[in-house]
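A.B. asks: Quick one: the structure is below, questions incoming.
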Amino acid sequence: MAAKDEKFGNEARIKMLRGVNVLADAVKVTLGPKGRNVVLDKSFGAPSITKDGVSVAREIELEDKFENMGAQMVKEVASKANDAAGDGTTTATLLAQSIVNEGLKAVAAGMNPMDLKRGIDKAVISAVEELKNLSVPCSDSKAITQVGTISANADEKVGALIAEAMEKVGNDGVITVEEGTGLQNELEVVKGMQFDRGYLSPYFINKPETGVVELENPYILMADKKISNVREMLPILESVAKSGKPLLIISEDLEGEALATLVVNSMRGIVKVAAVKAPGFGDRRKAMLQDISVLTGGSVISEELAMDLEKSTLEDLGQAKRVVINKDTTTIIGGVGEKQAIQSRISQIRQEIQEATSDYDKEKLNERLAKLSGGVAVLKVGAATEVEMKEKKARVEDALHATRAAVEEGVVAGGGVALVRVAGKISNLRGHNEDQNVGIRVALRAMEAPLRQIVSNSGEEPSVVTNNVKDGKGNYGYNAATDEYGDMIDFGILDPTKVTRSALQYAASVAGLMITTECMVTDLPKEDKTSDASSSPAGGMGGMGGMM
């Protein structure tokens with residue numbers, strides 16, 4: 001086991017504080033409409049430029065191990081806020097820095113660290129309740145645009161694009177961000193249910209100019225099994241041929257004579273047919289087949305349910321207005337399933353999302369939810385260079401997370417005003433002793449930090465502006481972009497309540513633990529063991545040279 005280095009008391013806390021300040025000072029320059037960029041060096045390729053707090057935080061590692069421990073703990077604040085709400089990382093870092101700085105001053109002055117932490121926790125619990133009271137719902141397109149604009153560093157086009165995407169696919173719809181090929185941002189919306197399985201044979205293509213299969217008002221056969229024997233399909237093929245409608249077959253696999261027969265029938269025009277593999281694997285494939293059956297009003301032919309493909313009828317088949325298949329994807333548009341059944345399935349998936357423990361499972365369940373409830377929107381980010389592309393993509397992703405958070409829990413006045421108002425409302429809060437009261441004051445002072453930093457980054461005097469805002473009421477605040485005072489809601493400066501709440505809670509949680517730290521332990525640096533020159537191969541060669 002490696003030897004350890006230890007530091008105690010004030011010496012440990014000073015080291016930790018230095019690390020906190022190094023990281024927070026690098027992150028906080030990005031805050032607000034006039035926040036600056038940070039350039040991050042990469043081990044290969046061009047440096048990246050960002051205004052995203054968590055991206056800056058992740059890059060910081062300090063040489064001194066004790067200082068680095070302080071920096072890593074604040075990095076945890078930024079990461080947690082990012083995971084919870086997708087934004088607010090800079091605010092969370094700033095709040096943590098303020099609480100740690102003010103808290104450690106109080107500890108140095110002789111206050112009890114545990115009582116300080118209790119006071120901070122008490123203030124944060126009350127502040128969260130007040131934030132909920134200040135919050136207003138964010139449901140209309142205008143408010144969503146404003147939230148997206150603020151989070152995308154005052155880029156109105158990004159805000160409008162996100163609002164348009166949410167309008168088209170619904171609040172539960174999947175919106176993904178990709179790198180585009182042009183200079184302009186683009187929005188691509190896929191209506192209906194799309195899954196990543198293409199046609200099993202190019203001979204099914206009936207639109208050679210575009211290389212796709214298009215089926216109008218088709219029947220849809222869903223089978224949770226491999227189909228290789230053509231005989232078990234003959235009854236259903238004959239029924240479909242008599243109806244004059246096309247047929248889409250979705251199965252675990254289709255091979256051998258079954259596939260060959262379908263291709264021949266399709267090419268001769270006897271029955272218009274196409275086949276694709278079922279999406280997903282294992283249990284997820286069964287669930288997705290069930291989703292398709294609910295959407296199209298059919299049944300999944302499954303041997304587990306003692307259903308026989310040979311005995312299936314037209315009533316077992318689903319239907320849709322249109323199906324489009326290319327070599328990679330299948331899109332089912334206008335499924336004729338009952339609305340009540342679809343809503344019931346959506347509720348079931350929502351319940352599964354709440355119970356899911358892994359991020360991967362949640363992501364896949366959200367994709368299924370979106371495909372059932374509306375569709376998928378793809379935001380394609382345009383830029384002139386790769387460096388700009390990466391920076392812009394990160395901003396768009398932040399804005400998307402912020403708008404989702406706003407729809408979920410509502411919005412409050414932005415620009416640091418909400419926390420200042422909350423601090424004013426709970427200024428009379430008291431603890432069980434004077435040390436707890438100091439902890440409460442530490443938290444209240446920290447709630448002013450975001451406003452002070454926004455003002456500082458815009459080149460104005462923080463104390464003057466903060467006092468002016470504190471003297472105002474309601475949504476009255478300072479617009480750093482235009483250097484004027486007024487109603488922040490009217491200015492369109494909004495923050496999602498969830499983002500502000502998460503930032504405050506995670507900052508107080510980690511900062512409270514740091515204030516109560518009394519000892520820090522880390523590995524001692526390993527010494528380089530250099531071999532003696534006399535034992536090196538070169539020494540031996542020298543001896544040989546002397547013999548000659």
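If you go along the chain as it appears here, the first residue is 1 and each next one adds 1.
Quick reminder: no glycine exception, Cβ is built from N, Cα and C everywhere.
Keep in mind the model is a prediction, meaning the values are calculated, not measured.
So Swiss-Prot lists these for the protein:
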- 30-33, Lys51, 87-91, Gly415, 479-481, Asp495: ATP binding site (BINDING)
- 539-548: compositional bias 'Gly residues' (COMPBIAS)
- 525-548: region 'Disordered' (REGION)
A.B. asks: Determine the Cβ neighbour count for Asp495 (ATP binding site): the number of other Cβ atoms within 10 Å of its Cβ.
C.D. replies: 30
A.B. asks: Translate the DSSP assignment of Ala480 (ATP binding site) into the three-state scheme.
C.D. replies: coil
A.B. asks: Near Gly32 (ATP binding site), how many other Cβ atoms are within 10 Å of its Cβ?
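C.D. replies: There are 25 such Cβ atoms around Gly32 (ATP binding site).
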A.B. asks: Whose Cβ, among the binding-site residues Thr30, Thr90, has more other Cβ atoms within 10 Å than any of the rest?
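C.D. replies: Compared across Thr30, Thr90, the most Cβ atoms within 10 Å surround Thr90.
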A.B. asks: Work through the binding-site residues one by one (Gly88, Gly415) and point out the residue whose CB has the fewest other CB atoms within 10 angstroms.
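C.D. replies: Gly415, out of the binding-site residues Gly88, Gly415, has the fewest neighbouring Cβ atoms within 10 Å.
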A.B. asks: For Ala480 (ATP binding site), just count the other CB atoms lying within 10 A of its CB, please.
C.D. replies: 25
A.B. asks: Three states by DSSP: which one describes Gly32 (ATP binding site)?
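C.D. replies: Its secondary structure by DSSP: coil.
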